[in-house]
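The Ca(2+) 1 binding site annotation in Swiss-Prot covers ASP58, ASP69. Swiss-Prot lists 59-94 with the feature domain 'EF-hand 1', giving sequence analysis as the kind of evidence. Annotation comment: Swiss-Prot describes 100-135 as domain 'EF-hand 2', evidence class similarity to another entry. The domain 'EF-hand 3' feature in Swiss-Prot is assigned to 136-171. Summarising the annotation, Swiss-Prot assigns Ca(2+) 2 binding site to ASP149, ASP153, ARG155, GLU160. According to Swiss-Prot, the compositional bias 'Basic and acidic residues' annotation covers 177-188. Marked as region 'Disordered' by Swiss-Prot: 177-197.
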Amino acid sequence: MRLKQGSFLWYLYLDKIYCLLSVRNVKALAEYFHILDVHGKNTLNDVLFYHFLHHVTDLKKAQINIVFDMLDWNAVGEIDFEKFYMLVCMLLAHQNHLEGQFMYRHSRPVFDLLDLKGDLRIGAKNFEMYRFLFNIQKQELKDLFRDFDITGDNRLNYQEFKLYTIIYTDKLQKRQKTEEKEKGERKRSLYSKCHIK
């Protein structure tokens, strides 16, 4: 999933630590939401939502419908600004490769969104449906349920999910540090080769 270059969301800045927008960006996003809300009900229905996501992302229609159903958990056929804001932060986190950080910082709201039945557990099938939002590969998903399903019921409760987000974020940070270190070593090596000649 990618944001389309030049769309409104492309110009918003997501804080890399907390995965939130600045007050100025939230104000601009609220204004954008009110422009999209042609019915003046402070909500977006499924048609408006589809056209918005189709305009700003490369998601397919089925994926957009899945996302709408996830956000419209009480099945009223509309989403309000709070859910819209969460979606935009999710999209920006995905665009900036901060999916793990987003899940860690917002573990409770993410868990509640993925808990479709409201029974305080996330099944593998539910997570599979939404893994494209968080850039989780199939093997990672299998490993997640194998390693963190402590109760053994093939469903994650909130504590298991939170533990996963902590360890996942830690792994990502270690991987990024290793990549930065290797990149620095390559630059030093290239620099020294240039100066030897």
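Every residue, even glycine, has its Cβ placed from backbone N, Cα and C.
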If we check Cα distances from ASP69 (Ca(2+) 1 binding site), which of the binding-site residues ASP149, ASP153, ARG155, GLU160 wins as closest?
ARG155
Counts by DSSP class (helix H/G/I, strand E/B, coil) across the domain 'EF-hand 1' (59-94):
25 helix, 3 strand, 8 coil
Residues close to Ca(2+) 2 site centre defined by ASP149, ASP153, ARG155, GLU160, Cβ within 8 Å:
ARG121, ILE122, PHE145, PHE148, ILE150, THR151, GLY152, ASN154, LEU156, ASN157
May I ask for the residues of the chain that lie six or more residues beyond the domain 'EF-hand 3' (136-171) and have a Cβ under 8 Å from a Cβ within it?
99-101, 103-104, 107-108, 111, 120-124, 127-128
Output, ordered by sequence, the same-chain residues six or more apart from ASP153 (Ca(2+) 2 binding site) with a CB under 8 Å from its CB, or 'none'.
ARG121
Under 8 Å by Cβ from ASP149 (Ca(2+) 2 binding site), counting only residues of that chain that are 6 or more apart:
ARG155, LEU156, GLU160
Chain-internal residues near ASP58 (Ca(2+) 1 binding site), provided their CB is under 8 angstroms and they sit 6+ positions away:
MET1, ARG2, LYS4
Using a 10 Å radius around each Cβ and all protein chains in view, which of these binding-site residues has the most neighbours: ASP69, GLU160?
GLU160
Helix-strand-coil residue split for the domain 'EF-hand 3' (136-171), DSSP-based:
25 helix, 2 strand, 9 coil
Under DSSP, is ASP58 (Ca(2+) 1 binding site) part of a helix or a strand, or is it coil?
coil
May I have the DSSP-based helix, strand and coil counts for the residues of the compositional bias 'Basic and acidic residues' (177-188)?
12 helix, 0 strand, 0 coil
